[in-house]
Amino acid sequence: MIDNILQFFLKNVPQDKTYEINNLQDANHLIIRNTRTGTRRLFEYVNNFQQFLNTIRNNFNGPCAKHDMGASCEDTEEPAEKHAAQTLDGHDWVLESNDFCIFVKPFILKKHYDIIQKYINFEDFFKSTDPGYINKCVQAGDYYYWPNWPKKQAFSFNGWQLFLNIKFGIVIEPTIPIIHNKKLGPVDLFVFDPKCFLNVELSLRTNHDPPQTLFVNGKTKFDDSHEDLFILKMADGTVATCKVNGELVNSDKNFFNYIRDDINLEECITVPKYKHIVNVNLKSLRVFENNNFDKNDVDLSDTRSRKPRIVPIISASSENADYIQTQINLGLIAIHENMVKVLATHERANDPNLLQQYFEKSKFKNFDFLIYVLWKILTKNENFSYRETDIKLFLELLCESLFACDKEALNEALKRCEPYKKQEKIVFNRACNHWFDFDDTKLCVSLGYYFGIHYMIYLTQSAKNEILDHDELWAYTYENVMALNLPPDIVCKGFFRKLENVVTGVNLVFNGKHYQIVKKEDDLFKLTKSNCYKLSNIKFNNWKYLYLTTHGVYNVFTNSFHSSCPFLLGTTLPQTFKKPTDEKYLPEDAFNYMLSTSADELSIYRTYHIAKMCRDVKMLKTNTAIVNYMGNCNTCQADMRVALNNLFRDLWNLDDENLITLALYVNKNRVSDMLHNLKCKPCRSTVSGSRPKCKCYKKIKINRKALKVCLMADMFGNDAELSELIWMLIFTNKTYVSTTLIRTNSEFVNQHGEFFSKEHNKIIQYLYRTIHKIEYVDMLMDKFNDKRLFLTELRDDVAREPDVQFEESDNISKFYTHHADALMILKKYNVWWDKIILARSTDDLPTWLTRFYMRIIMSKVDLKEYSYNYLKKIVEGYLYFKRFTNFNHANAIMLMHFAASLAIPVDYGKKAIYMPGEPGSGKSSFFELLDYLVLMHKFDDDNHSGESNKETSDKEVSKLNSQLYTINELKQCSESYFKKHADSSKSDSKSRKYQGLLKYEANYKMLIVNNKPLYVDDYDDGVQDRFLIVYTNHKFVDSVKFAGSVYEHIKSKQFPIESMYYESLVTPVRLFLSHVLMYRRDPKTGFVVYKTLLSNDPMHKHNLMCLSTNNSPLYALIYILNIKTVRSATITIGEDKMEEMIGIAVQHFKNFLHPSFVQYNYKKNINASSSKSFVFNEQVLLQQIKNKFKNNYNKTTNVFYNMTMALNRNDLNTSVPNFVC
């Protein structure tokens, strides 16, 4: 019975290389074989095979296994056996192994069981209250199997084959009998999506010295004594070997998934000994074979290769060259002399190349400090003027003066100078001015002491312990400095600097990390008692490009670290995105490519989604056939019917752009026919295609209704002849129809072709209406199944159809544009032919999205030198910003740059990020994530008037020391408060409890997060100019599951919540932002620019207008009256008319203005009437309009000119604008 049914919906496959057994070529295809007849049938989707097993489990007897409410919930097979044994005749079908998706309960033929039964013990992998329970083995037909495994635990079938072969020399068939097989009985051996599975132990390592481990699933230390299983070739030419250990391990790590997904692995070769068990074809696993899509159907504008990036190199020159060289020489001599003082007791003190040796041995860690000090000495001369060429000459002369005799060291020094050569002179000078000049000691003296102490630490550490690594040898710490027992004067001037504020009496000492307030009884105070530097006005944390961190001094220009030093005055340790242990940066071109493709991403996801929907149709049609023809489960049949119908409705309701993309996927040859046959007659007759200057193809119009009918017939019908007839509805020219009828070999098409041509419009209208109104799509499929009855009924119904003429609105007028756009995406990105991007049953959204991006975007750039996991982390960080903004390109790019700018501790933007949005859209998670990465001060208060709700002194100091100031759920604030915190000038003097007053340079940037609209009293242009608005209206919802395509979630604006997702993003986001900081700085300022990124974004302009109309009567008035300045306006508007329209517009203010506006202004008693209701003074509003549009107002004639606006009540904008994204 099963044999007869399967032939109707499963493709027959031959025994050739495409479908060769043991050859892993497709992770989704499953082949079943009839051992009696040799027939092989293909399940194109694992989901179809699962549905097949679920349906036949109860052997056509009532509900399926899934919906049988009376079935036992135990993990054993006995209930199924007992129930099915009464009705089963048995079959001969087995499944050929596919280790990507097939896991089993262990089983073995009876003839082999006697060999292994004494040696099998699974209790090492499971705990049970019943000893021996997991090892219980029972007979089923010709087999023995272990039934008592947990539901989500399995055995890799490939691993089971290898285990039996390696341990016992047993070779088992690469097939698994299907439930109700004659030789097995009513036992289901298959396990889908196990949490863990047993496998032989594997280790994949490169053949480098030392080798790099790419994959392991156990803890054995593999060596040459272990057997090889696979040899893998990598993109950079490296060879990796996968070794196998015959012992079992229990893990969730699938080796085949790893090698399939790693874009740096290109070929996998099985060693000859195990070719009979498994072969892996990586190319076939990754790409569909039938991908010969003709992308040259239309001329594409973006066919040129990217031009190489060219950066001009300026030549070094200076009118002050002699002065620069002299100061360099004097400075180097002074630094050398003071280093000698520190190392006086060491034999290295006599080394004439002491400074050079220090730099080389320390790997130039603090070489930049020498640049800063010598430049500060140069610029102290008021007669010294300079430009970029002078700076370049200074850097080159400095390197040459130090390393003239050492070419390798010279090249390294010049390399260290490269970042500074890219900066403008103001930026370079600003960086050097970070170095504080303690005028009680000459700059070269203190730097010489600093270098000398550092070198002495190295010499001491290396003499004591030879096994320390480089960083440990050069660790510039409090403990290491103290252990040297150097003279106090040297130590205090070179490292432990002490400061005293003579105004407040506060003492601070550099503690090896940052400056801390000390008291007389503290050890640091006593250590520096006689070496105090007194200041009357000292500001801390006044830094931009260099600042103290837990890893040392961070340099924004080089994205690297120097040793901690006392010459940067800081009382806090800001966090940075770079860590000393990070891998090297991706190439700049590769990173910029990531950001540049952001604009294409929605189109990429949309194009993929079209293909995904078509595959789903195919899968659901097969499932529908399975549940209808092979089972009797009403629930399954209803579920499949609804699922297929929902998908049909989604396809039927596609917009024009998506319809054209769908047509390309479903029937690209017909689309090519449209392009050719709907051109003008001269172009159709031209052999080579369109005439060079003819643009007729841009005027091609397609009847939307006809196209929808054709696409549904192709997708939900299975008859080529009927499809050929229906596609004739697209074409109106008789030549095409007659040619089709001549070329066809179908009598059916010839019989009805003239009818379709003659009744063209009627047929379109009738079929469109029929399909549109059909209740369930399976009813349409039934109609298509009997084409002759379908045509008979169609002729009868069309005969009664009235004549119809289609309107212009029935056409897809932008056919060519949509077609060209779709082809452009398909030309650039392999979204329809890559198998790896297909969603897997175990995928969640972040996992799938990362894999998709790695394959479609990152595979297009050369990143062979980088590990797959490192690349994946950077991609995950990038995709976080995309998901958070619902893939809004402009908002995502701006937030990336804003977040990266937090690592530059100065508020240069004068902008506050305002994030209103729906609850559950991820706003809180955004600042919680940033809290892991930077110093964030968060203050929750719904009202900041500037006069109340002030924070405590400790919190004020915390805020001044922070990198990000976040206010959650701020409902109202004053104009003065907002400008104060969003402005760049934020110096302030504050003190912690029981500590003295200190002056700080506040460097935080402001973030406001709200669910409800914010009210700012006295809202004006200054307030408006300080806002960057990112609105979010999507939601992360518990009940939403990953739909297999991110575009589905983008459309619905509902995303699944993944537990612990944000915590796992800390490192990926940090690594990604480190790249933004490295490559996206403005060379003019050295800053990461973010405030102008939304300047031309239409959505941001709209959202800014929404905020303004909600807060300001003036902006509300401008919006309601639709006032616009237009140079060519011919009419003028008198002052009386303006006042009249203001009077009308004011009546709508209550709908536009924030509720807090009236309350606040009534309290201030501005324009308030005795009835305690707020009244707007129309004369005041008129004057505000005059001020706002002063360039369009003639004071002499009292008229407005070059302006358009609503001149009557009906033209007013009375619809309140809402935020959009």
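Glycine is treated like the rest: Cβ placed from N, Cα and C.
The motif 'Nuclear localization signal' annotation in Swiss-Prot covers 692-701. Note on the motif 'Nuclear localization signal' (692-701): DSSP counts are 4 helix, 0 strand, 6 coil.
In the structure as shown, the Cβ atom of Ser921 (ATP binding site) sits within 10 Å of 24 other Cβ atoms. Under the DSSP three-state reduction, Ser921 (ATP binding site) is assigned to coil, being neither helix nor strand. Per Swiss-Prot, ATP binding site is recorded for Gly917, Glu918, Pro919, Gly920, Ser921, Gly922, Lys923, Ser924, and the stated evidence type is similarity to another entry.
Residues or ranges marked as DNA-binding region in Swiss-Prot: 967-981. When averaged over the DNA-binding region (967-981), pLDDT in the model lands at 87.
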Self-check item: Near-site residues: ATP, ref Gly917, Glu918, Pro919, Gly920, Ser921, Gly922, Lys923, Ser924, CB cutoff 8 A to centroid
Solution: Asn1011, Thr1032, Lys1035, Phe1036
Quiz item: If you draw a 10 Å sphere on the Cβ of Gly920 (ATP binding site), how many other Cβ atoms land inside?
Solution: 18
Quiz prompt | DSSP-assigned states of the DNA-binding region (967-981) in counts, ordered helix, strand, coil | solution = 7 helix, 5 strand, 3 coil
Exercise. Output, ordered by sequence, the same-chain residues six or more apart from Pro919 (ATP binding site) with a CB under 8 Å from its CB, or 'none'.
Key: Asn1011, Lys1035
Practice problem: Enter the number of other CB atoms within 10 angstroms of the CB of Glu918 (ATP binding site). | Solution: 16
Quiz item: List, in sequence order, the same-chain residues at least six positions removed whose CB sits under 8 Å from that of Gly917 (ATP binding site)?
Solution: Lys923, Asn1010, Asn1011, Tyr1031, Thr1032, Asn1033, Phe1219, Cys1221
